[in-house]
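Reading through the structure tokens given below for one structure.
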Amino acid sequence: MESGGKAPSGPPKDKEAKPAVVQQHPKLLMAARKGHWTPLNVLMGATPPVVHAVPPGGLINIVIDDEEADVVDNSATTITLDVELNNVLHVVASSGDGDEFLESARGIYCKAKHLLDARNKKGDTPFHCAARAGMLKMVTHLICLAKAEGGDDRVKAALRKQNEQGETALHAALRLSDKETVRAMVHELWVADPELTRFPLASGTSPLYLAVSLGREDIAEGLHEQDPGLSYSGPNGQNVLHVAVLRSTSMTKNLLKWNKHLSKQGEQTNGSTPLHFAASCGFLETVKCLLDAEESLAYQCDNKGSFPIHEAVKEKQVSVVCTLLKICPDCAQLRDAEGKTFLHVAAKQGYAKLFPPVLQVLLQEKQMFAAIMNMQDDDGNTGLHLAVEAGILETVCFLLWDKEVMLNLSNNERETALDLSQRMRTPGVLFGLGRRVSIHKLLVHADAQYGVHSKTRIPELNEEKEEKRISDSTQTIGVVSALLVTISFAVAFTIPGGYRTDDDPKVDNIKGGMPVLVASHSLQAFIIANNLALLCSAMATISLMYAGVTTVDISMRMKAFVMSIFFLNSSARTLAAAFALGMYATLVPAAGAAVTLTVIGTTITLLDVAWFTYMTSKDQLVLRKRMGVGVALKRFTLLVLRGALACLWPYVIIAGFLAYITLWSK
């Protein structure tokens, strides 16, 4: 036999040569796949093919002489084969379990007994291949062949061989889709080797772990019933309970009955126990089950010092956190490697929904509540520090609710919560509803103090960044401002009700060319509102002009930008009022329609005002327990009035002018 083509003589010098692989003849492979023993017998008796080192490309060209294989063309044939080709007994074992396949397997075994438990490239034996293919008769047949050769010891040695994944034929059988086939295959393997469920011995995926991970509780229970001393191991230092808590509470209970010590074993990667897994996934019933079996599990940390309650908070499992606090109240004071309690973790993540139910549980232990709320981590930060740093207003509100939360504790940087709030505020133009602004105002109103240091750490203004923000905003706001100016100017010459002509009969000395409804107070109010809207939109446009000029000082540009926003909002609200008044003046003969449209227009206009006023004032209600109901309500009322006046001042002017005109006309 000769090598053909341009196959390399050996691997490159910088790479190791792969193990030699014997390539099978195509007809041999076809016969093995079909279970045809006669051609198999003839072909296996042929001269063995030459062994070649596998080149880096993964494919080789070899020439096989088919002279003894009853090939018509007696000349040599060049064949390209995949190097992962299984040996012939593997192929027969996985292809079928009819009589012809069983006969072929026996014939192959008789010619080469070492193939019975030989491994292919993946480390699989024929037992693996037959079990994975669901060939029950073939598995039984192979077991009989092994037993005939060397008794039970030979059978056990063959069945206990593991592939590269550390799995036996039993693992392959457990992955079959048909449950009845699985049961029959497992039973057959167990009869042949009652201790097969104990492999792998040290670490790796045990058959029990695999069965539980696949959700096959009945199979898992059967494995334990057959061999109570079976292996509980799993991958990466886990045990079967790690996967059971993620699959089934009933299976978890069974495992705790079989081996209670499984609950204390941490996985190799980061030391997480089954309770860590269950808590992070939010499986409440499983958590209760584990704690009922061993309450001390709540006090066992992983390699990072994180306890189950920390993991539950990180994954936002509120019900699990509350359950842990009810069953083991002391776990509220457990600290991780950074000295953080579960409260620090929750505050840092900004998970505000956790606080109402958790605080309700903690308040049952008033003395412990104060200690927990004011605990400091290794950096000296309390939960309030971290909540302020994260910028989550809702979390800060919950922490400020109770007087037990101390506002003026300093961290290792001598910063109080107010210092952090001041430092975290972004300098420049800020919107009134910005969370950083709201947090700072709330702390100030709660009488929080700065730390004992010479200077408050206020970040410097990035002028270049602020100029870009203003420039980008002025383009959009300028379009809206110009549009409002145009509308107000056009409406001034389109009076509701139209104008009188010289041919119209004179009424109340109203001459031609004058508005028909000139004597109506609603029309007069409309004119005032429209003119005020025109004035405000013009002021907004002028302010934007100064804000967009780069030669103007940045501080003046910032003030001009804020003024433009203020006048733009006022113009929009005033224009809405003008629309409502104009509709009322036009439809006054139909009183019902006029009133309805006016009410709707006014309501829509005031919704924005009500929302803005409430959002800028509501946080003060949080302080009613800390500052007292009277003080909190007083501040809330003042803020509401100030916000309402800032939004509704155009309406005050309109009403004032209308009242003056009415009184003057009398």
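Any Cβ shown, glycine's included, is placed from N, Cα and C.
So that you can see what the record holds, here are the features copied from TrEMBL:
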type: DOMAIN; residues: 468-585; note: domain 'PGG'
type: REGION; residues: 1-21; note: region 'Disordered'
type: REPEAT; residues: 270-292; note: repeat 'ANK'
type: REPEAT; residues: 338-364; note: repeat 'ANK'
type: REPEAT; residues: 379-412; note: repeat 'ANK'
type: TRANSMEM; residues: 477-499; note: transmembrane segment
type: TRANSMEM; residues: 523-549; note: transmembrane segment
type: TRANSMEM; residues: 561-585; note: transmembrane segment
type: TRANSMEM; residues: 591-615; note: transmembrane segment
type: TRANSMEM; residues: 636-661; note: transmembrane segment
Outside the transmembrane segment (636-661), at least 6 residues beyond either end, the same-chain residues with a Cβ under 8 Å of its Cβ set are 521, 524-525, 528-529, 532-533, 536, 566, 569-570, 573-574, 577, 608-609, 612-614, 616-618, 620-621
Across the repeat 'ANK' (379-412), DSSP yields 16 helix, 0 strand, 18 coil
Secondary structure of the repeat 'ANK' (270-292) by DSSP, residue by residue, totals 17 helix, 0 strand, 6 coil
Taking DSSP helix as H, G and I and strand as E and B, the repeat 'ANK' (338-364) has 19 helix, 0 strand, 8 coil
In the domain 'PGG' (468-585), averaged pLDDT is 78
